[in-house]
Structures are given as structure tokens and as C-alpha cells.
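J.: Could you have a look at this structure, given as C-alpha cells, before my questions?
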Number of protein chains: 2
Amino acid sequence: MFENKDDSSTSIGSLGEFGLIDHLTKNFKIKQKSTVKGVGDDAAVISCDSKKEIVVSTDFLLEGVHFDLSYVPLKHLGYKAVVVNLSDIYAMNAEPTQITVSIAVSNRFPVEALEELYAGIIAAAKTYNVDVVGGDTTSSTTGLLISITALGMVNKGEAIYRSGAKENDLLVVTGDLGAAYMGLQVLEREKEVYKVNPNSQPDLEPYSYLVERQLKPEARKDISGLLKELDVKPTSMIDISDGLSSEILHICKSSKAGCNLFEDKIPLDPQVISTCEEFNLNSTTIALSGGEDYELLFSIKTEDYPKIKANPNLTIIGHITDEKEGIHLISRAGTKIPLVARGWNALKDNG
Amino acid sequence: MFENKDDSSTSIGSLGEFGLIDHLTKNFKIKQKSTVKGVGDDAAVISCDSKKEIVVSTDFLLEGVHFDLSYVPLKHLGYKAVVVNLSDIYAMNAEPTQITVSIAVSNRFPVEALEELYAGIIAAAKTYNVDVVGGDTTSSTTGLLISITALGMVNKGEAIYRSGAKENDLLVVTGDLGAAYMGLQVLEREKEVYKVNPNSQPDLEPYSYLVERQLKPEARKDISGLLKELDVKPTSMIDISDGLSSEILHICKSSKAGCNLFEDKIPLDPQVISTCEEFNLNSTTIALSGGEDYELLFSIKTEDYPKIKANPNLTIIGHITDEKEGIHLISRAGTKIPLVARGWNALKDNG
């Protein structure tokens, strides 16, 4: 789906690899003062500060695995590819500063399509104040592949790991869960409708929040500052990319801890609830296993409870227990259900 | 080509994504003291030193585009994937310190194949003393994709860019050129022979150097130390991944300079010369356009000439001129031939 609808189309081969890189990167502006040298040499150069630590994270996005270009506009894809990486940086309590972007494309993409993709990448870089400092552009035999590496900086000793959760800590999540996954279900359904009747005009209005969460997610750049303001330092933190249950398991495994998660505390948007009913899906299951929420999940000491309890951005959803107690969802009916990485199957198996 | 010949084969699905990452990364040992946190969190954490700068480079390797598994053993592929990235770090005059490794694989690869690949990655990490600090493992619909990002450190202000070459500087190259490309020709020929007669036993002995340069290249980690010993600081530097002519053009473009390259000075291994004759190829063309040599190309001030002239690792192949004079190859016959990015075509067009 190329947003640029005019008929002009330039083949990638006509620019050549170096011409293409020059063409796509000429609009990149350097804003971070730590960027000594961006695109255009064998490597980017970034200045260091002994009071800081650097965090690095990398992600792959593959056509046909992570996205479907039949309903994902390339500009949105570029934006999202950056956001999913930055989310990992925020999950370390760091500020993202630079990204590198590697792209492999088949000849079916004209240069104009890559311009759309890069417009999204540049928009995200602007929103999150990061510099695009390097990358690689190559041809692929099949489709579009994007690999982004994000760098960020955190004050020395202030990185927050998955491993610091302690018994009795409270488990807190930002925002709400499950919307991105339900957005995907809505888009997949529209794609099927479109196949049968290409003239149908989909009405996505009732699903606007869901579709936006799927197509144009944002990373929680506000949380680090909010927690500083509230004078709360999480004991552990992770971002929610694969679904709540999988992230809870990561924290518990890394922290050698157990957890009780309360079903009735899981924050859900009304659109998630109504659309789950429409699709005959269990909204808890969707929140647990849907993924792509890019919210932050963290644990705090119980003494910090008063500081966060009234905050509309934060929801306490459970507490950390001793490792021996295991990792459970406490259902609305009070039943204890073991959480496993694929909450979907787990719930189906257990009730 | 999987070196592990026994019949046991474990499907990737049986381990799951997280199981797979754990399985493949459990043997990674952290050696760099700058690595605060390696694999196992949302991001790796690396300590900073105000006296240093960090360099970052990233590369994509795609099956069917950059490698052919019918004659590239996976262990060699893993090794090479690391080396090509580290070569960029050395080209900045930096020491590589960390890498992240992202891999996408289709189900046709058993876990044992990925173990081979990672064995090569770990071997290279050991040889070059870098830590594998992160990455991503995902499924692909087609083949094997590898994306590696390398980080390195250089003393503040000592990074060497492509842009510093000045008129009258001497152009110097390490090692010899064209062997990796000729190794590829030999392997491609053997593949065709194998297709016709699967029982033929190839004798690669006369091509041993070429095949090794293609399958197991090394990055020039020795040059930075050698130049310090000789008290020479290059004015510009780049690594030779796409062929000599393309790299000379990069230096000249970045430095706003011209260049005279002397055909009779281009260092060629005797196996390159004899195999070029056998394949009826022009060895100069191969050195100019073959690529994958992973040697370093740099410029030095003329006053440094006495310091390097006797060194067997270094060959002076030309000199930098004013931009207006253009970029030329001076042939053995004394003819001036303009260099273009694809030296192959340039030579064909010009005689």
C-alpha cells in the first residue's frame, strides 16, 4: 500500500546502492549533541560521557512475518519499526539517542515506496528526538526486511533490569492492553472482506483506537520522567511487546520470583472489551497474549504505593511473590491459573 | 551445507523463540570490561569513558544475495558475518568491543544448523575479543538473514574518516586484492561441476588462498597497532568491501579530492594472477571491482613515506590529487582511465 498515488515510479536499480542511500538519508538532521558523525562513513561516531552508560537494542521486522503491506501503509511501517526499538530503550530507563536502519528490498519496490518508508522513520526520529546515524541498504530476493538498532543513554547505575523484582513488590503496568492485537484482528477481517468485495467501504470508526494502536503505536517516552517526578524507582522493568504474560514470565525468571496477577485489575480500553465481544474472544486472553502494546511493565516497592495510586497512567495489576509460589493469574472468580508464555493456550487448557 | 553430519535434527519450533535464544547464547562469555550487561534484557548496557568515542556500524547478510549455502558452511558464514562488520570498525581506527546478532530463519533450518552458525559467530567474537551482547531471533518465510551491528571504541578525536585526504597524500592499501572474488569464481565453478557430476572430487588445493579469502576472511585488526608503532596517522581511511575503485571514489568524494591509482602497484597474490589467467579475466579489473577483500585503504602525508616504504603489509598504490584532476587509473601502458564505481564496466568501456 503506497500512499503516493501518482504514477511516477523510479526503479531502485536506476539510483544504485550508494545513490539510494544518499537519496534516502539526505534529509536526516543531526540533533543529538552526542552524535559526532552520522551517516556517510564506515561507522557512526558517538561521544561518551563517563557519567552515562550506553544501552543498545536491535530488532528485525520481516514482511510476511511481522507486517502485511496489504493494509500497513509504508510510512506507518517505518514509524512503527523505530518505535518498537525505542520501546526497549525506555524499558531500560534510558533516553534513546541514535538509531541505525538497515533495509533489504526486492525490485518490486520503487524508490517512491522507500521514500514513504523513510518518511515514517524520519517522523519517528523527530518525535523521539533520535538521530539516524547509519545503516545498510541492500537488495532482497523476497519482500521488505527492516533491521533497526537503537542506542540510548542512561545515568550510570540507573539502568533498570528485568532482574530486580523482590517479594511483595507491586506489579504496575502503563496504559491499557490488548488494543494493538484487536486492531490487527479488525484489519485482517477487513482484508478478507476486501478480497470478496473490493468495492466495500470499511467503517473503521468504531475501532479507531485499536487500529491506531496497531498501525501507529507510540513508545512510553513519558514514563521515565513521570516516575522521577513521583520519586519512584522501579525495581525491575520490561516493555510489553509479546503480551503481558510473557513479559511477567521474563521478569519472574530473571528476578527468581513468583507473581500473582489479578484478572480484574488488567487495564482494558472499552473498545477492546466491545470488540472482543464482537469477535467472541476473551479480553483477558487478548491482554495476556496479544502483544505489540509497547507499554511498560515494572515492579515497585510497596512503600511507593501511595505515590502512584492515583495516577491515571499507571495501574497496579499484581504483586511479586516468592519463587516457590509460582506465577499465577487470579481470575475474577478467585481461581488461581498458572501463567505460561502463551497465555492463550494456557487459559484454554486450564478452563 | 551443515557440517554436523549426524541425523539428529531438532526443529526450531520445539524450542520456541525464547528457548532458542537461551540455547544459542548460553555459551557467550563477557570479556570486555565495558560490557555492563549482555544478552538477556531489553537492551545491553555498555559503560562509557569520556576519553573515548563509540563507533557503530551495521550490515545485512541475506541468503541468495550475499551468500549461497550450497558451498558456504554455516560456521564460516557466522564467522564472516562478524568479520565484515568488524572491518568497518577497524576502518574508523577503533577497537571493536561488542556486537549484536539478529537472525531470521525459515523452518528448513534445524536447531543444529543454527548451532553451527553461532559456533562461527562465537569463534570470531573470540578471535577479535568482542562480546555478543544482544540480538533478535525470528522466523523468516524464506531462508536465512543475518543482521549484525558492531560497536567499537576509539580515543576521542582519533577516529579516521573518509574525508581527510589532501592533495599529494599517498594512497596505501594493506595486504592484496582480488583473492576473495576469485575464490567465489572457483566455488561457483565447482558448484556447476557438482550439479553435472555429484561424484566429482574437487581439487581446491591450487586455489586454497582464494577459497580461504572468500570463505574465511579476516579483518585487519593488526593495522591500527602497526601504524601507531610506525608513528603514522592516516589522513583518511576506509575498508575494502566493494572493490578498490568504489572505495577510492568514496574517499575522493568525501575528501573533495582526485586521485591517480597506478595499475602496476596494485598488490596481487600469485594465485589471483594465475587463476585470472585460467578464467580469462583481467586481474586489475578483479582487484578494482571484486570486493570482499576486507583490507584497509588509507591516505598518508608524503612526509610519512619513509616510515612505511619497507613494510610488507603496506603498498603505496597512488596519490591524491586536486579534485579538478579527477580520479584515474594509470595503466601499465601509461594511459589515464577514469575510475567509476563499477571498475569492470569502466575498463570495458574505455579500452
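Note that the numbers count up from 1, one per residue, in the order the chain is shown.
Positions of Cβ are set from backbone N, Cα and C atoms, glycine also.
TrEMBL entries are annotated by machine, without manual review.
Found this in TrEMBL, in case it helps:
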type	residues	note
DOMAIN	A:40-154	domain 'PurM-like N-terminal'
BINDING	A:Asp42, A:Ser57, A:Asp88	Mg(2+) 4 binding site
BINDING	A:His66, A:Glu292, A:Trp344	substrate binding site
BINDING	A:Asp242	Mg(2+) 5 binding site
J.: Looking only at A:Ser57, A:His66, which of these binding-site residues has the biggest number of Cβ atoms within 10 Å around its Cβ?
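T.: The most densely surrounded of these binding-site residues is A:Ser57.
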J.: As a quick check of your reading of DSSP, tell me how many residues in the domain 'PurM-like N-terminal' (A:40-154) are helical, how many are strand and how many are coil.
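T.: So the domain 'PurM-like N-terminal' (A:40-154) is made up of 34 helix, 47 strand, 34 coil.
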J.: Determine, from DSSP, whether A:Glu292 (substrate binding site) sits in helix, strand or coil.
T.: coil
J.: Let's check the environment of A:Asp88 (Mg(2+) 4 binding site): how many other CB atoms sit within 10 Å of its CB?
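T.: Within a 10 Å radius of the Cβ of A:Asp88 (Mg(2+) 4 binding site) lie 26 other Cβ atoms.
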J.: Give me the CA-CA distance between A:Asp88 (Mg(2+) 4 binding site) and A:Glu292 (substrate binding site), in Å, as a whole number.
T.: 12
J.: Taking just the CA atoms, what is the gap between A:Glu292 (substrate binding site) and the residue listed as 'Mg(2+) 5 binding site' in Å?
T.: 6
J.: Specify the count of other C-beta atoms within 10 Å of the C-beta of A:Asp42 (Mg(2+) 4 binding site).
T.: 27
J.: For A:Asp242 (Mg(2+) 5 binding site), which residues of its chain lie six or more apart in sequence with Cβ-Cβ distance below 8 Å?
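T.: A:Asp242 (Mg(2+) 5 binding site) has long-range Cβ partners A:Gly291.
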J.: Whole-number Å only: compute the distance from the Cα of A:His66 (substrate binding site) to the Cα of A:Ser57 (Mg(2+) 4 binding site).
T.: 18
J.: Is it possible to get the count of other C-beta atoms within 10 angstroms of the C-beta of A:Glu292 (substrate binding site)?
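T.: Other Cβ atoms found within 10 Å: 21.
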